[in-house]
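Working notes, structure below.
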Amino acid sequence: FDIISSLSPRAGSPEDRRKTDESLHYPQRASTSTQRISSAERPDLLFSGSRMSELARGHEAYEKPIVFHQPVSETQQRAYSCSHIDTIDYCNAQGNILYNEGKYEEALEHYAQALQAQDKFYPHGHVNGAEIFDSIGKSFNKQGKYNQALMYHERALQVQYRFRPCDHIDIAETLDNIGNVLSVQGRYHEAIDRYHHAYTIRQKLCSVGDICDSVSLDNIASIRRIEGNYDGALYCFEQALEIRKKTYRSDHVDIARSYNNIGITFLDQGKYDAAFDYHQKALQMQEKLCAVEPVSFAETWNNMGHILSKQAKYDKAREHYQRAYEILTKYYSSGHVCVAQSLDNIGNTLESQGQYGKALENYQRSYEIRKIFYPPNHCDVAESLNNIGNTLSNQEKYHEAENCYQQALNIYESFYPPGHEATATCLNCIGNIRFSQSMYDQALEYYHRALQIYEKFYPSGHVKIATSLINIGNALAYQTKYDGALNHCERALDIYAKFYPAGHSDIALSLNSIGNILHKQQKYDKALEYCQQALRIREAFYPEGHWHVAQSLQNLGTILIDLGNLDEALNSHRQALTILERVFSPSHIKIARCCCHIGDILSEQEKLDEALHAFRQALAIFQQLHPTGNVDAANTRRKINNILNRQCKHNDIVGLPCRTAEPRDWLFRSSKV
C-alpha cells in the first residue's frame, strides 16, 4: 500500500473542488511522510512534492508553491538519470510553477524535457502527452505566439481523441484552450464554437447545473461581453454564479470570481454602483477565505479602481490600484507582468489628473518589466508604448508621441493577424496626433483606416465603431463639411443607442458632437437642445460630478454666449470650473482653458478686473505646463494686454510671441479609443 500516493491525489476534478478543505491537509501529511523515508530507498517519492504543489495550486491555497519543488530539484538530479519515467511528472510540474510565475520561456524548456521523456518511454503515444501539449500551448499563448499555441492545443486534441472517448472531460478543457487562443486573435465566432462544443460535452457528462457547466458558461459569456452583447454575457455569468452557489453552499473563490465577472460587465454598461457592489462582495468573500491567492485579491482591488476611475474619482482609484500593486510586488518579488499592469493603472489616474511626469514614470517602469518578460514584438509591449504616446500627446510633444504610436503599430501588425482591432486603436491615436496639428486630411486617412478595420472585425457592430465615426465627424467639422460630419455623428448615436438600450454616458459623446456641429452652423437653438440632452445624461451617470459634465457645461456656455445670454453662460462655465478643480490637479490644462472662457465673458461684460484675474490664473497654469511658451500662453497673454490697454495700464503690458492661434478644445475628441 503506497501511503504517499494515496495522500497525494491529483487536483482538478469536480469532486476535488467540492472538498477543498478536506484535501488541503493531504499534501502536508504526505510531505511529512516523505521526509521520514530516504530518497535512496524510494526516489519515486520525490515527485509527490510536485503533485502536492499541483493540488495546492489547483485550490489557490498556496503562498509560494515553489517551496514543494525546491528540495526536489537538487535531489532529483542525484536520484534519477534522465531515463527515469517520473522525469515526465517532475518536468511538467516544474514547468507549471514557472508558468505561474510568468517565466514562460523557462516553462517551455521544462515542458520540452517532459515531452522528450514522454516520447522515449511511450514511443507509440500516451494520453498524458495531451497534458504536456496543452501546457506548451498555454505558454505560447501567453507569449503571444498564437499560431504555435493553436498547433499544440490541436495536437493535444488529436491525442485525446485517439486515447479517450469523444465526450471525455479533458477534451472539453482542450477545446476551451483552443477557444481562448481564437478569442485573443479576434476570431470570436470560431472561439464560441469551441466553447459551445465543450459545453455540450460537459452537459453530457454532468447533471444539469453541475459545477463543470459554470466553466463553459463563463467562457461563452466572455465572448458575448467582448462583442458588446452585455445582456447575453450577464445571463451566462449569472447562471454560472447560481451553479456555484448551489454547489459550494458557502463562501468559495469561484463564487468570488463570478461576482467579479458580473461586476466587470456592469462596468461595461456604465452601471457603476451595481458594478462596485459586486466587486465589494467578491472582496469580502476573498477576505474570509484563507485559500485565496494574492493575485485574486489584486484583481478585485484593480476592478474597483477601474470603476472609481470611470467616475473621475482618481485619488480613490489610485488608492485601490496602489493596494493591488503592493499585493503583487510582495507576491512576485522578482517581478511579473501583472505588476506592469498595475503600474499602468496607476499611471492612467495620474495622466487623467494632468500629472504627466509621474504618469510617464509609471508607464516607463511598466514598459521595462514587459521587455523582460516578453519578446520585443509582444502586444503588451505595444500597449506600454501606446500609454507613453498618450501622455506625450497630452503634453503636446506630438513628434515623440507619434514615434511611440508608430512603434506600437508596427508591433501590432506583426503580432496579430491582419485587421486586428488593436491595430485600429493605434491608427486612431495617430489620427488624433494629426488632428491636434490641424492636419485634417491626414487625420481622416487614419480614422477611415481604423473604421474599416473595426467594421470588419465587428461585423455585428460595436461601440468602437461609433468612436471612429465621431472622430471622423469632428475632423470633417473642422473642414466645414458639416453635412458629412453630422451624418457620421448621427450614425455613432444610433450604434450607442443599440448597444446601450438602458442608456450610457457614451451616448452623450454623440449628442455633444452633434450639438457642436450645429453650433458651427449657427443653428443655436438645435445645438442647445443636443448639448442639454448630453448634460442630462452625464449628470445622471455622474451625480457627484465628472469632467465630462464640466465639458457639457462649457459647451452650453459657448452656445449661450452666441445667443447673447452672458449671465447664463458665465454661470455654466463657473459650474464647470468648480467640477474641474475638484477632479483635476491645480495645474491641469482644462482648468486653465475654463478660466480663459470665464475671462472672455467677463471681458465682454466689462468686468475687467475679474477678467484679468481669470486670465492671469490661466496664464500661470500654461506657463507651468509649458515653460518655453505655447499657443495657449500666447493667446492668454494677448488677452491680458488687451485688458491692460483698455484700463490704460500701458506700463504693465508685456511683449507677445509671434505665434498665436485660437485653442480648439471645445470640440470633444477622445484621445483614448
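Note that Cβ sites are derived from N, Cα and C of the backbone, with glycine treated the same way.
TrEMBL labels come from automatic prediction, so no person has curated them.
Summarising the annotation, TrEMBL assigns compositional bias 'Basic and acidic residues' to 13-24. What TrEMBL lists as compositional bias 'Polar residues' is 29-38. Marked as region 'Disordered' by TrEMBL: 1-43. Annotation source TrEMBL lists repeat 'TPR' at 88-121, 130-163, 172-205, 256-289, 298-331, 340-373, 382-415, 424-457, 508-541, 550-583.
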Of 88-121, 256-289, 340-373, 550-583, whichever stretch has the most CB pairs under 8 A to the repeat 'TPR' (130-163): 88-121
Residues from the same chain, set at least six apart from the ends of the repeat 'TPR' (298-331), whose C-beta lies under 8 A from its own: 256, 260, 263-264, 267, 270, 272, 275-276, 279-280, 282-283, 286, 338-339, 341-343, 345-346, 348-350, 352-353, 542, 544-548, 583
The repeat 'TPR' (130-163): DSSP-derived helix, strand, coil residue counts: 31 helix, 0 strand, 3 coil
Long-range neighbours of the repeat 'TPR' (382-415), counting only residues six or more past its ends (CB under 8 A): 144, 340, 344, 347-348, 351, 354, 356, 359-360, 363-364, 366-367, 370, 376, 422-423, 425-427, 429-430, 432-433, 436-437, 625-626, 630, 671-672
DSSP-assigned states of the repeat 'TPR' (424-457) in counts, ordered helix, strand, coil: 31 helix, 0 strand, 3 coil
